[in-house]
Structures are given as structure tokens and as C-alpha cells.
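Trainee: Sending over a structure as C-alpha cells; questions will come in a sec.
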């Protein structure tokens, strides 16, 4: 892990009056960049020439850093450009996937918003389970081997995959049949199969809950809630059951979009309790803990119990559902507030209070 002192040494050389908020042009970059502009920051997007259209059309980026391929963002040349811009990078799922977690931890020497040490805890299932389980949250039962499957399960794989390759099954035989099908299609590799995560299939309504932890205010804030629109499962459910059987298609769970939802108000105490518990445990296990945006992906059972099956320890794709604010983020100051603007507000306040070390790593 890059020492905090080294990152702070880099930041000390910055012109504090000309800070740039930067991120990779993908995932949740639109509201990250727009939110930064609303708070008076200059913005920069890292992109390829064939994917720069949204950032030009929406006018959210002041500066463009072009790369031949997104994996180039970890190069020393790109890092130097960012440092020359006095950049603070806001990570999201695509940034981590393209830069590479090892590079984020060891070679990407540009100040980042949040705790870069916690990103591995969302990427590796065992660490994620340790953090979520240690927080006292209700989790699906975990199966250590395909041979243990004795009922409906969901099979997942590590990293920011957007649901690609996930599948349900009910037996060991079905597990291997679907694994071999996905391998034949090039969706899964042998390495993916070795890292398969098998968990109880919980029947319930899906709620992806977006929080923001402010180290400056020591407060967990509920920012919004979304559900995912997944292909091909959400298309298959529109097909009559008799035709589904004839089609004989194994559904996929690739996230193609999100839509906002609100949760039953009587469940909000449970929602806040979950966020509080996770932040408390994160501070114990991976100091300084969960800084800034994070997400708990959950299922609400018919008994009104929220079961957490996954977390994001950075800006999550569902934040895109409230670029102009959510019903929950509106309640704090009676004004629209996106996750991107909330991040920018925290950086701005940290600079004003001369406490930037609290929010970057």
C-alpha cells in the first residue's frame, strides 16, 4: 500500500486554489464531474477518443486526458498529467477495473478521494464476508463447495463485473452444466471458476442502498436507493412461462441500467443501523474505515428483514439514478444533491478546514 505520507507529500506540492476533480469516463463519472463543477472545482475526464461524446455533449469536463486504452490510466505519463492538474481522483467501479487493484494500492501515486485500502475488501469475497459478517448484518448462507449445494443458490464471481456470469442453480450437476456453458461462450475463465462464490438464494425485493460517510461530520447519510435492470432476466420474465420452457435459455444477470426506488419508511431505522454498523466495523478492520460513498445491496424478505448480499466501498452505479437528487438526499438541506456533488462538498469543506488528510489517500 502506498504510504499515506507519500500521498500527502504529493498533495502538499499542489496549488490548493486550483484543485481538479478527475475520474475515468465511465460508470458514475457524469455526476461526479457535474457535482464537482457545481462546487466550483475544475474537472478532468480520462477517456478514449471513441467514448468522449457524453462528456462533451453534457459539458461536465473542463479537461480531457486521452488514452489509447483504459488500462493506460495507471501509466506514469497519465499520473504525471493528473498531478500537474492538482488532481484528486474519485474512484468508481470502472476506474478500479481498468487501473487494476494492485496498481491502485501500489503504483498509482495520485491523491484519491476515500480510503484506497478498503477497495480490496469489496473485491475479494472472503474479505467482504469478514467485513459484512463482522458488522452483524444478515447475510445469505455461504457454500464452500459445489458439492454442498442442497437447494436454490446464486453463483457469483469477484470484481466489478456488473453481474456478468452470475447464475442461479439448485444442484451440483446444474452448477457444472452452467459453468461449462459460460466457459464455452467465453464469459468465464478457469480462474473465474476457481473463485466462484456460492450463496443461498434469498427470495425478496431488491434494494441497493447508497450511503455517504462524512469523516468531517462523523455521520452516515442515506443518499438514495435503486434497483437494477438486468439482461436477460428482466426480458425473460416478460415471456409467458410455457414459452420460457420451450426457449430453454439460461438467464443472465448483466446490469444494463438502474431505476430509483423508495423503501417502506418503517424500514429506515434498519437501513441506518446497517450503515452505522458497517462503518464502525470498517474503522476497526481497515483504518480509517469507510470514507465517502458506499452501497449495500440487499433483499427485503416477506418478513421485512433486509439481507445484504454485496457491498460497494466507493461510488456505485446506482448513484446515477439521482443525478439531480433523490427523495432522501433532498431531505438534508431541501435542495437536490447528487452523490457527485456530495463528494465535492466534502472535499471543499476539507480544504477549507485544512483537514484534507481526512478524506484522501
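Even glycines carry a Cβ here, placed using N, Cα and C.
Sharing the feature lines straight out of Swiss-Prot:
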- 116-348: domain 'ATP-grasp' (DOMAIN)
- 146-208, 230: ATP binding site (BINDING)
- 297, 310: Mg(2+) binding site (BINDING)
Trainee: Counting every protein chain present, what is the number of Cβ atoms, excluding its own, within 10 Å of the Cβ of residue 154 (ATP binding site)?
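Mentor: So the number of other Cβ atoms within 10 Å of residue 154 (ATP binding site) is 17.
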Trainee: Work through the binding-site residues one by one (146, 162, 186) and point out the residue whose CB has the fewest other CB atoms within 10 angstroms.
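Mentor: With the binding-site residues 146, 162, 186, fewest surrounding Cβ atoms within 10 Å: 186.
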Trainee: Work out the three-state DSSP category of residue 194 (ATP binding site).
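Mentor: The residue in question, residue 194 (ATP binding site), is helix (DSSP, three-state).
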Trainee: Across all the protein chains here, work out how many other Cβ atoms are within 10 Å of the Cβ of residue 310 (Mg(2+) binding site).
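Mentor: Total other Cβ atoms inside 10 Å, all chains included: 19.
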Trainee: Could you list the residues of the same chain, at least six apart in sequence, whose Cβ is under 8 A from the Cβ of residue 178 (ATP binding site)?
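Mentor: Listed in sequence order: 155, 167, 169, 250.
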Trainee: Where residue 297 (Mg(2+) binding site) and residue 194 (ATP binding site) are concerned, what is their Cα separation in Å, rounded?
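Mentor: Given the Cα positions, residue 297 (Mg(2+) binding site) is 24 Å from residue 194 (ATP binding site).
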Trainee: Fewest other CB within 10 angstroms, which one of the binding-site residues 170, 297?
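Mentor: Relative to the other binding-site residues in 170, 297, 170 has the fewest Cβ atoms within 10 Å.
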Trainee: Within 10 Å of each Cβ, count the other Cβ atoms and name the one among the binding-site residues 194, 202 with the highest count.
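Mentor: Result of the Cβ crowding comparison: 202.
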